[in-house]
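Notes to accompany the following structure.
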Amino acid sequence: MDPDKQDALNSIENSIYRTAFKLQSVQTLCQLDLIDSSLIQQVLLRPSFWEARKHSLSVQQLSQALQELFQKAREENPGQVHPRAPELTLSLLTTMYNSKGTGFLQLMPAAAALITLSGDSPLSKYRALFQLYAENSRGGYDSGPRMTRRVLRKLLTDLQQIPTFVGESRALCPVESATRSCFQGVLSPAIKEEKFLSWVQSEPPILLWLPTCHRLSAAERVTHPARCTLCRTFPITGLRYRCLKCLNFDICQMCFLSGLHSKSHQKSHPVIEHCIQMSAMQNTKLLFRTLRNNLLQGRCRKKEAARRQQLLDQVNPKGVPHHAQARLLKKQLNQYKDKLQAIYTSQEERICRFETRIHKLKTNQDSLWTKLQQIRRDLQARLQPPGPSSSSFQNVGNKVDHSSTEKVPKGGDYLQIKNATEDASTGEPLPKLDEVDRSHRSHTNAEHALRNPESPETTLHSTRAQSQTQKMPQKVISALPSYQEGLKQDIPKMVPAEMSSPALAAVEKKEAGNIKERKDELEEEELQELLSKLMDAFNLETPSGPESSVNMDLYSGAQRVCRAFSALVDQIALPNLK
């Protein structure tokens, strides 16, 4: 493009007209205005290319397709197609969709750019674009080509590369906002061709440059029988603008795009654009409309404010800040979600640790409960009175007392016991030695108890007295064999019969005296030892508590046994001491 012409186009204030004029210059340079959309579909969308529409085309394949396309255009318009048109068009498409220089281009974006810059009407272009991008829904009641949100988003993204090529990407609105405006009020996931055509014909801001470019091309050679009020040019060529507030105020294309105005006409006044010549009836209607706006200025101001607000909404749609706010909220929600997930994970770990501790505590509680039950059974077994009841102990005590009183030896009995001992010294065994020993001990205890009625043995514990009374006869019995052995050792050997009777009598008398002395000494020592053992066995502390009153019968029985043994020992020991 000529730099001077490019600078002139950059001086246009309105971004939509500036973009449209630049694209019109590119269209004219590449001679794409000589090609219609049907020819493009015939060449680029044939079966060989259409099967690979989702894949990439090499630059050589696209160059051959463009050569064929312009060859057919040359046949329809002989002498108008420049030989370098295919080369310039290939360079244009490569710059738009192959910026990385890979050598491959997508078929659908290239075809969409050719259709958009073709010389067809906007309605034909919209239909061709819908057929190019729509997806066929198979089966169902409403089968046919449909366009989903994803497909519409891809179409608008591909078309945005066209104004970006001429450096006018800032004048476009976001793709997401345009997609929401198209699907506003639509409940289905896809739209049909009628809905798509009605939306694009409403001239959305993202595609506003496309119909403007078509109007510029259509009005390029049109003349209007009117004079420009600002530059006084007659006739007006190209677009004609007429003020709806100033009476008979016409503006040419150059003055309008340059932003010129007069004292009576301001930039804020509403104007109407004409790309074709107006008839007399249209001029009359426009005159009455101007008069109404001047007479009803309040109504005119309201309509102008509404029109300007509508234009502002189109240029700066409300969905943009809402969309940004929604994205911010979504980001914050994701952050909160991550935090809550981390908190939930930590709480789960704590719960697992608590459950493990609770399980351990339950196990310890069960083991402690088992131990307590065992201790309880042991205590019950220990607290229960062992052996027979107290009544049986009372009977045993009465029997022992009766037997001790009956078996107390008197003077003659003591001589009998002494004679029995002497008989045992001659070599004969002692008859019923255990019974005699038991009778001696019971008699001795009885006499000792009578002489010492306030002895400490009166407060013996039942269970310990019982055990000591059971062990006492065993001690006495164990001592008797040693006593018998001593007696047997003291028995002298039999003297021979050859000794004389006087000498034998003297010897026997002497030996009998010695034997008697030894026997008395041994008996005294044995009895004293038995007495000391018996006193040690019954030297116990008296228990205190409620059990003492319960076991008094057992204590009394033990006391009687102690008295009987003491009396028996005294009865045996006192004659020897004398």
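Here the Cβ of each residue, glycine as well, is placed from N, Cα and C on the backbone.
If you look up Swiss-Prot, you'll see 223-279 marked as zinc finger. Note: the zinc finger (223-279) comprises 6 helix, 14 strand, 37 coil (DSSP; helix = H, G, I, strand = E, B).
For Cys252 (Zn(2+) 1 binding site), the number of other Cβ atoms no farther than 10 Å from its own Cβ, over all displayed protein chains, is 26. Sequence annotations record features per position, and here Swiss-Prot assigns Zn(2+) 1 binding site to Cys228, Cys231, Cys252, Cys255.
Residues within less than 8 Å, Cβ to Cβ, of Cys246 (Zn(2+) 2 binding site) and separated from it by at least 6 positions along the same chain comprise Ser264, His265, His269, Thr290. Swiss-Prot lists Cys243, Cys246, His265, His269 with the feature Zn(2+) 2 binding site.
Among the features that Swiss-Prot reports, coiled coil is placed at 322-351 (among others).
Annotation source Swiss-Prot lists region 'Disordered' at 382-475.
The annotation compositional bias 'Basic and acidic residues' is assigned in Swiss-Prot to 399-410 (among others).
Feature annotation from Swiss-Prot assigns compositional bias 'Basic and acidic residues' to 431-451 (among others).
Per Swiss-Prot, compositional bias 'Polar residues' is recorded for 455-472.
Marked as coiled coil by Swiss-Prot on the basis of sequence analysis: 503-537 (among others).
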The one of Cys228, Cys231, Cys255 whose CB sees the fewest other CB atoms within 10 Å, among these binding-site residues: Cys231
Other residues, Cβ within 8 Å of Cys228, Cys231, Cys252, Cys255 Cβ centroid (Zn(2+) 1 site): Thr229, Leu230, Arg232, Thr233, Ile236, Ile251, Gln253, Met254, Phe256, Leu260
Average pLDDT across the coiled coil (503-537), rounded to a whole number: 75
Euclidean distance between Cα atoms of Cys243 (Zn(2+) 2 binding site) and Cys255 (Zn(2+) 1 binding site), Å: 13
Cα-to-Cα gap, Cys243 (Zn(2+) 2 binding site) vs Cys231 (Zn(2+) 1 binding site), nearest whole Å: 15
